[in-house]
Amino acid sequence: MRIAVLPGDGIGTEIVDAAVDVLQALGLPLELETAPVGGAAYESCGHPLPDSTLRVVDAADAVLFGAVGDWKYDTLERSLRPEQAILGLRKHLGLFANFRPALCYPELVGASTLRPDLVSGLDILIVRELTGDVYFGQPRGRRTATDGPFPGTAEAFDTMRYSRPEIERIARVAFDAARKRKQAGSAGKVTSVDKANVLETSGLWREVVTDIAAGYPDIAFEHMYVDNAAMQLVRNPRHFDVIVTGNLFGDILSDEAAMLTGSIGMLASASMNDAGKGLFEPSHGSAPDIAGKNVANPLATILSAAMMLRFSLGQPAAASAIEAAVKNVLAQGLRTADIHSNGCTLVGTREMGAAVVRAL
Ligand code: IPM
Ligand code: MG
(Lines of atoms letter the chains of each structure in order from A; the text may use other names.)
(Lines give C-alpha, C1' and ligand atoms only; values in the text may rest on other atoms or scores of the structure.)
(Ligands and ions follow the chains in the order given, each with its own letter.)
Protein backbone atom coordinates (compact mmCIF):
# COMPACT_ATOMS: atom_id res chain seq x y z
CA MET A 1 0.00 0.00 0.00
CA ARG A 2 1.66 3.16 -1.22
CA ILE A 3 0.82 6.46 0.41
CA ALA A 4 1.89 9.86 -0.89
CA VAL A 5 2.50 12.07 2.15
CA LEU A 6 2.12 15.80 1.44
CA PRO A 7 2.58 17.80 4.67
CA GLY A 8 2.38 21.27 3.04
CA ASP A 9 2.63 24.48 5.06
CA GLY A 10 2.14 25.88 8.55
CA ILE A 11 1.12 23.21 11.06
CA GLY A 12 0.95 20.68 8.17
CA THR A 13 4.32 19.16 9.00
CA GLU A 14 3.62 18.58 12.70
CA ILE A 15 0.16 17.11 12.30
CA VAL A 16 1.20 14.85 9.41
CA ASP A 17 4.23 13.65 11.41
CA ALA A 18 1.88 12.59 14.20
CA ALA A 19 -0.43 10.78 11.76
CA VAL A 20 2.54 9.01 10.11
CA ASP A 21 3.67 7.74 13.53
CA VAL A 22 0.20 6.32 14.08
CA LEU A 23 0.15 4.66 10.66
CA GLN A 24 3.57 3.13 11.24
CA ALA A 25 2.48 1.75 14.59
CA LEU A 26 -0.14 -0.40 12.84
CA GLY A 27 2.46 -2.85 11.55
CA LEU A 28 0.88 -2.91 8.07
CA PRO A 29 2.96 -3.08 4.87
CA LEU A 30 2.76 0.63 4.11
CA GLU A 31 5.19 2.47 1.84
CA LEU A 32 5.23 6.19 2.53
CA GLU A 33 6.75 8.75 0.19
CA THR A 34 6.85 12.41 1.16
CA ALA A 35 6.69 15.28 -1.35
CA PRO A 36 6.38 19.08 -1.05
CA VAL A 37 3.14 20.90 -1.81
CA GLY A 38 1.75 24.43 -1.43
CA GLY A 39 4.01 27.23 -0.25
CA ALA A 40 6.71 24.73 0.70
CA ALA A 41 6.78 23.49 -2.90
CA TYR A 42 6.75 27.03 -4.25
CA GLU A 43 9.86 27.72 -2.15
CA SER A 44 11.73 24.58 -3.22
CA CYS A 45 10.46 24.08 -6.80
CA GLY A 46 8.88 27.39 -7.87
CA HIS A 47 5.36 25.92 -8.14
CA PRO A 48 2.76 24.92 -5.49
CA LEU A 49 2.09 21.60 -7.26
CA PRO A 50 5.29 20.57 -9.07
CA ASP A 51 5.43 17.67 -11.54
CA SER A 52 7.73 15.78 -9.18
CA THR A 53 4.97 15.83 -6.54
CA LEU A 54 2.34 14.78 -9.09
CA ARG A 55 4.50 11.77 -9.97
CA VAL A 56 4.58 10.69 -6.31
CA VAL A 57 0.80 11.17 -6.12
CA ASP A 58 0.17 9.19 -9.32
CA ALA A 59 2.27 6.26 -8.10
CA ALA A 60 0.39 6.08 -4.77
CA ASP A 61 -2.85 4.34 -3.76
CA ALA A 62 -3.85 7.25 -1.54
CA VAL A 63 -2.72 10.73 -0.52
CA LEU A 64 -2.32 11.94 3.06
CA PHE A 65 -2.42 15.73 2.99
CA GLY A 66 -1.66 18.26 5.74
CA ALA A 67 -2.62 21.83 4.88
CA VAL A 68 -1.48 24.63 2.58
CA GLY A 69 -1.36 28.40 2.73
CA ASP A 70 0.34 31.30 4.41
CA TRP A 71 -0.44 35.02 4.37
CA LYS A 72 2.99 35.69 2.95
CA TYR A 73 1.87 34.24 -0.39
CA ASP A 74 -1.23 36.44 -0.67
CA THR A 75 0.51 38.81 -3.07
CA LEU A 76 1.60 36.08 -5.53
CA GLU A 77 -0.33 35.77 -8.77
CA ARG A 78 -3.26 33.39 -8.29
CA SER A 79 -1.75 30.47 -10.23
CA LEU A 80 1.26 30.30 -7.86
CA ARG A 81 -0.63 30.55 -4.56
CA PRO A 82 -0.59 27.52 -2.22
CA GLU A 83 -4.38 26.99 -2.57
CA GLN A 84 -3.82 26.11 -6.23
CA ALA A 85 -2.11 22.91 -5.06
CA ILE A 86 -5.24 21.52 -3.43
CA LEU A 87 -7.50 22.69 -6.27
CA GLY A 88 -5.02 21.22 -8.80
CA LEU A 89 -4.91 17.87 -6.96
CA ARG A 90 -8.71 17.68 -6.85
CA LYS A 91 -8.85 18.29 -10.61
CA HIS A 92 -5.87 16.05 -11.46
CA LEU A 93 -7.21 13.05 -9.55
CA GLY A 94 -10.89 13.74 -10.35
CA LEU A 95 -11.76 13.89 -6.64
CA PHE A 96 -15.41 14.81 -7.13
CA ALA A 97 -16.79 13.42 -3.86
CA ASN A 98 -15.81 15.15 -0.63
CA PHE A 99 -16.92 13.61 2.66
CA ARG A 100 -16.88 15.95 5.64
CA PRO A 101 -18.27 14.35 8.77
CA ALA A 102 -19.18 16.66 11.64
CA LEU A 103 -19.24 14.53 14.73
CA CYS A 104 -19.65 15.77 18.28
CA TYR A 105 -17.58 13.64 20.66
CA PRO A 106 -19.37 13.28 24.02
CA GLU A 107 -16.19 14.36 25.86
CA LEU A 108 -16.10 17.62 23.86
CA VAL A 109 -19.75 18.62 23.98
CA GLY A 110 -18.86 21.60 26.19
CA ALA A 111 -16.40 22.93 23.58
CA SER A 112 -19.17 23.97 21.17
CA THR A 113 -20.41 27.54 21.01
CA LEU A 114 -23.94 26.07 20.89
CA ARG A 115 -25.74 24.73 23.95
CA PRO A 116 -24.83 21.13 24.82
CA ASP A 117 -28.46 20.01 24.47
CA LEU A 118 -28.38 21.11 20.81
CA VAL A 119 -25.12 19.43 19.79
CA SER A 120 -24.86 16.37 22.00
CA GLY A 121 -25.02 13.27 19.81
CA LEU A 122 -24.56 15.34 16.64
CA ASP A 123 -23.43 13.21 13.69
CA ILE A 124 -23.76 14.87 10.27
CA LEU A 125 -22.08 13.92 7.02
CA ILE A 126 -21.67 16.65 4.43
CA VAL A 127 -21.15 15.29 0.92
CA ARG A 128 -19.74 18.16 -1.11
CA GLU A 129 -19.29 18.05 -4.89
CA LEU A 130 -15.65 19.02 -5.36
CA THR A 131 -14.65 19.35 -9.02
CA GLY A 132 -17.42 21.45 -10.57
CA ASP A 133 -19.48 24.56 -9.87
CA VAL A 134 -18.18 28.10 -9.83
CA TYR A 135 -14.79 26.83 -8.55
CA PHE A 136 -13.86 25.36 -11.93
CA GLY A 137 -16.53 26.66 -14.35
CA GLN A 138 -15.29 28.38 -17.50
CA PRO A 139 -15.30 31.10 -18.63
CA ARG A 140 -13.95 33.18 -15.80
CA GLY A 141 -11.82 36.25 -15.76
CA ARG A 142 -11.62 40.00 -15.84
CA ARG A 143 -12.55 42.39 -18.60
CA THR A 144 -13.87 45.83 -19.27
CA ALA A 145 -17.65 45.88 -18.99
CA THR A 146 -19.45 46.60 -22.23
CA ASP A 147 -22.95 46.53 -20.73
CA GLY A 148 -24.56 46.53 -17.26
CA PRO A 149 -24.88 49.55 -15.00
CA PHE A 150 -21.26 50.72 -15.40
CA PRO A 151 -19.97 50.11 -18.95
CA GLY A 152 -16.30 50.92 -19.52
CA THR A 153 -15.27 49.91 -15.99
CA ALA A 154 -13.38 46.84 -14.75
CA GLU A 155 -15.52 43.79 -14.00
CA ALA A 156 -14.83 40.18 -13.01
CA PHE A 157 -16.90 37.06 -13.60
CA ASP A 158 -17.03 33.36 -12.72
CA THR A 159 -19.31 30.71 -14.17
CA MET A 160 -21.47 28.43 -12.05
CA ARG A 161 -22.16 25.30 -14.04
CA TYR A 162 -23.19 21.69 -13.46
CA SER A 163 -24.00 18.92 -15.93
CA ARG A 164 -26.53 16.14 -15.31
CA PRO A 165 -23.88 13.37 -14.93
CA GLU A 166 -21.90 15.45 -12.44
CA ILE A 167 -24.99 15.84 -10.27
CA GLU A 168 -26.05 12.22 -10.69
CA ARG A 169 -22.76 10.78 -9.47
CA ILE A 170 -22.51 12.96 -6.36
CA ALA A 171 -26.17 12.28 -5.53
CA ARG A 172 -25.54 8.53 -5.73
CA VAL A 173 -22.55 8.87 -3.43
CA ALA A 174 -24.71 10.71 -0.89
CA PHE A 175 -27.59 8.22 -1.00
CA ASP A 176 -25.20 5.26 -0.77
CA ALA A 177 -23.57 6.88 2.26
CA ALA A 178 -26.97 7.49 3.87
CA ARG A 179 -27.86 3.83 3.35
CA LYS A 180 -24.60 2.67 4.95
CA ARG A 181 -25.07 5.01 7.89
CA LYS A 182 -28.66 3.79 8.33
CA GLN A 183 -27.37 0.25 8.73
CA ALA A 184 -25.18 1.60 11.53
CA GLY A 185 -28.13 3.28 13.27
CA SER A 186 -28.40 6.76 11.70
CA ALA A 187 -31.70 8.26 10.53
CA GLY A 188 -31.21 7.42 6.84
CA LYS A 189 -32.02 10.85 5.46
CA VAL A 190 -30.55 13.01 2.67
CA THR A 191 -31.02 16.77 2.58
CA SER A 192 -30.12 18.23 -0.81
CA VAL A 193 -29.09 21.86 -0.50
CA ASP A 194 -29.40 24.33 -3.39
CA LYS A 195 -30.65 27.78 -4.36
CA ALA A 196 -33.30 26.63 -6.84
CA ASN A 197 -35.45 29.70 -6.23
CA VAL A 198 -32.79 31.80 -7.98
CA LEU A 199 -30.19 29.75 -9.92
CA GLU A 200 -30.48 27.70 -13.13
CA THR A 201 -27.76 25.30 -11.94
CA SER A 202 -29.76 24.67 -8.78
CA GLY A 203 -32.91 24.04 -10.85
CA LEU A 204 -31.12 21.23 -12.68
CA TRP A 205 -29.52 20.06 -9.42
CA ARG A 206 -32.97 19.67 -7.82
CA GLU A 207 -34.38 17.79 -10.82
CA VAL A 208 -31.47 15.34 -10.99
CA VAL A 209 -31.23 14.66 -7.25
CA THR A 210 -34.98 13.98 -7.22
CA ASP A 211 -34.49 11.42 -10.04
CA ILE A 212 -31.69 9.66 -8.13
CA ALA A 213 -33.70 9.71 -4.88
CA ALA A 214 -36.38 7.60 -6.59
CA GLY A 215 -33.89 4.71 -6.61
CA TYR A 216 -33.52 4.89 -2.81
CA PRO A 217 -37.06 4.43 -1.41
CA ASP A 218 -35.57 3.37 1.95
CA ILE A 219 -33.90 6.76 2.43
CA ALA A 220 -35.86 9.86 3.49
CA PHE A 221 -35.22 12.82 1.25
CA GLU A 222 -35.82 16.57 1.25
CA HIS A 223 -34.67 19.72 -0.56
CA MET A 224 -33.58 22.81 1.31
CA TYR A 225 -32.47 26.26 0.16
CA VAL A 226 -28.93 27.05 1.20
CA ASP A 227 -29.82 30.14 3.25
CA ASN A 228 -32.37 28.11 5.21
CA ALA A 229 -29.85 25.27 5.62
CA ALA A 230 -27.33 27.70 7.09
CA MET A 231 -29.98 28.77 9.59
CA GLN A 232 -31.23 25.25 10.43
CA LEU A 233 -27.65 24.12 11.08
CA VAL A 234 -27.43 26.43 14.07
CA ARG A 235 -31.13 26.25 15.03
CA ASN A 236 -31.50 22.47 15.15
CA PRO A 237 -28.38 20.74 13.80
CA ARG A 238 -29.59 17.25 14.67
CA HIS A 239 -32.28 17.69 12.00
CA PHE A 240 -29.62 16.62 9.51
CA ASP A 241 -28.13 13.24 8.66
CA VAL A 242 -26.49 13.44 5.20
CA ILE A 243 -26.32 16.78 3.39
CA VAL A 244 -25.48 16.76 -0.33
CA THR A 245 -24.60 20.01 -2.03
CA GLY A 246 -22.46 21.73 -4.65
CA ASN A 247 -18.90 22.91 -4.33
CA LEU A 248 -19.43 26.49 -3.17
CA PHE A 249 -22.35 25.88 -0.82
CA GLY A 250 -20.51 22.84 0.56
CA ASP A 251 -17.41 24.89 1.27
CA ILE A 252 -19.40 27.32 3.40
CA LEU A 253 -21.74 24.86 5.13
CA SER A 254 -18.95 22.43 6.01
CA ASP A 255 -17.07 25.11 7.96
CA GLU A 256 -20.30 26.00 9.74
CA ALA A 257 -21.05 22.35 10.55
CA ALA A 258 -17.49 21.76 11.73
CA MET A 259 -17.72 24.56 14.26
CA LEU A 260 -20.95 23.15 15.71
CA THR A 261 -18.90 20.34 17.13
CA GLY A 262 -16.73 22.87 18.91
CA SER A 263 -13.55 21.53 17.44
CA ILE A 264 -12.55 21.91 13.83
CA GLY A 265 -9.28 20.38 15.07
CA MET A 266 -11.09 17.04 15.37
CA LEU A 267 -12.65 16.79 11.93
CA ALA A 268 -11.32 14.59 9.15
CA SER A 269 -12.17 14.73 5.48
CA ALA A 270 -11.90 12.46 2.45
CA SER A 271 -11.99 13.41 -1.21
CA MET A 272 -12.59 10.46 -3.53
CA ASN A 273 -12.56 9.75 -7.25
CA ASP A 274 -14.55 7.03 -9.03
CA ALA A 275 -11.63 4.58 -8.85
CA GLY A 276 -11.53 4.64 -5.04
CA LYS A 277 -8.36 6.70 -4.88
CA GLY A 278 -8.58 9.49 -2.39
CA LEU A 279 -6.97 12.44 -0.73
CA PHE A 280 -7.32 12.59 3.05
CA GLU A 281 -6.83 15.77 5.00
CA PRO A 282 -7.99 17.52 8.15
CA SER A 283 -10.90 19.93 7.59
CA HIS A 284 -8.91 22.80 9.08
CA GLY A 285 -6.23 24.92 7.44
CA SER A 286 -2.51 25.56 7.89
CA ALA A 287 -2.81 27.92 10.90
CA PRO A 288 0.53 29.70 10.28
CA ASP A 289 0.13 31.64 13.55
CA ILE A 290 0.71 28.49 15.62
CA ALA A 291 3.03 26.63 13.24
CA GLY A 292 6.09 24.97 14.77
CA LYS A 293 4.90 25.56 18.35
CA ASN A 294 3.77 22.03 19.13
CA VAL A 295 0.26 23.23 20.02
CA ALA A 296 -1.82 22.15 16.99
CA ASN A 297 -4.33 19.34 17.40
CA PRO A 298 -3.18 16.33 15.32
CA LEU A 299 -6.38 14.34 15.82
CA ALA A 300 -8.15 15.52 12.65
CA THR A 301 -5.19 14.33 10.60
CA ILE A 302 -4.96 11.07 12.53
CA LEU A 303 -8.68 10.50 11.92
CA SER A 304 -8.13 11.34 8.23
CA ALA A 305 -5.52 8.59 8.12
CA ALA A 306 -8.19 6.26 9.52
CA MET A 307 -10.56 7.32 6.73
CA MET A 308 -7.77 6.58 4.25
CA LEU A 309 -7.38 3.04 5.58
CA ARG A 310 -11.13 2.47 5.32
CA PHE A 311 -11.94 4.24 2.01
CA SER A 312 -8.85 3.68 -0.15
CA LEU A 313 -6.73 0.90 1.36
CA GLY A 314 -9.34 -1.70 2.32
CA GLN A 315 -8.26 -1.82 5.98
CA PRO A 316 -11.45 -1.21 7.98
CA ALA A 317 -10.16 -2.95 11.13
CA ALA A 318 -7.07 -0.72 11.28
CA ALA A 319 -9.31 2.32 10.71
CA SER A 320 -11.57 1.33 13.60
CA ALA A 321 -8.55 0.72 15.81
CA ILE A 322 -7.31 4.27 15.22
CA GLU A 323 -10.77 5.73 15.89
CA ALA A 324 -11.00 3.75 19.12
CA ALA A 325 -7.54 4.95 20.15
CA VAL A 326 -8.61 8.58 19.60
CA LYS A 327 -11.71 8.05 21.77
CA ASN A 328 -9.46 6.45 24.36
CA VAL A 329 -7.11 9.45 24.64
CA LEU A 330 -10.09 11.78 24.93
CA ALA A 331 -11.50 9.59 27.69
CA GLN A 332 -8.11 9.81 29.44
CA GLY A 333 -8.69 13.59 29.55
CA LEU A 334 -5.84 14.54 27.21
CA ARG A 335 -6.56 17.77 25.31
CA THR A 336 -4.68 20.05 22.96
CA ALA A 337 -5.24 23.78 23.48
CA ASP A 338 -8.13 24.07 20.99
CA ILE A 339 -10.30 21.61 22.91
CA HIS A 340 -8.96 22.15 26.41
CA SER A 341 -11.27 22.73 29.37
CA ASN A 342 -10.96 22.71 33.16
CA GLY A 343 -9.96 19.44 34.73
CA CYS A 344 -8.32 18.08 31.57
CA THR A 345 -4.64 17.58 30.83
CA LEU A 346 -3.19 20.05 28.34
CA VAL A 347 -0.82 18.36 25.89
CA GLY A 348 1.06 19.37 22.74
CA THR A 349 0.92 17.97 19.21
CA ARG A 350 3.69 15.41 19.77
CA GLU A 351 2.35 14.25 23.14
CA MET A 352 -1.15 13.81 21.69
CA GLY A 353 0.24 11.80 18.77
CA ALA A 354 2.30 9.64 21.12
CA ALA A 355 -0.74 9.03 23.33
CA VAL A 356 -2.71 7.75 20.34
CA VAL A 357 0.16 5.42 19.42
CA ARG A 358 0.19 4.10 23.02
CA ALA A 359 -3.58 3.61 23.04
CA LEU A 360 -3.29 1.75 19.76
C1 IPM B 1 -11.62 23.76 1.72
C2 IPM B 1 -10.83 25.03 1.52
C3 IPM B 1 -10.48 25.15 0.06
C4 IPM B 1 -11.78 25.27 -0.70
C5 IPM B 1 -9.51 26.30 -0.29
C6 IPM B 1 -8.23 26.20 0.50
C7 IPM B 1 -9.21 26.37 -1.76
O8 IPM B 1 -11.53 26.13 2.01
O9 IPM B 1 -11.09 22.68 1.43
O10 IPM B 1 -12.77 23.86 2.17
O11 IPM B 1 -12.33 26.39 -0.85
O12 IPM B 1 -12.29 24.25 -1.15
MG1 MG C 1 -13.34 25.63 3.01
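Cβ atoms here come from the backbone N, Cα and C positions, even for glycine.
Same-site candidate for substrate binding, as annotated by TrEMBL with Arg90, Arg128, Asp227, chosen from Arg81, Arg100, Arg235: Arg100. Of all the recorded positions listed (Lys195, Lys293), Lys293 has the fewest other CB atoms within 10 A of its CB. Secondary structure from DSSP puts Lys293 (NAD(+) binding site) in coil.
With a cut-off of 6 Å between Cβ and the nearest atom of ligand 2, the binding-site residues Asp227, Asp251, Ala287, Asn297 reduce to Asp251. Apart from Asp227, Asp251, Asp255, the Mg(2+) site neighbourhood in this chain, defined by C-beta within 8 angstroms of the site C-beta centre, holds Val226, Ala230, Leu248, Phe249, Gly250, Ile252, Leu253, Ser254, Glu256.
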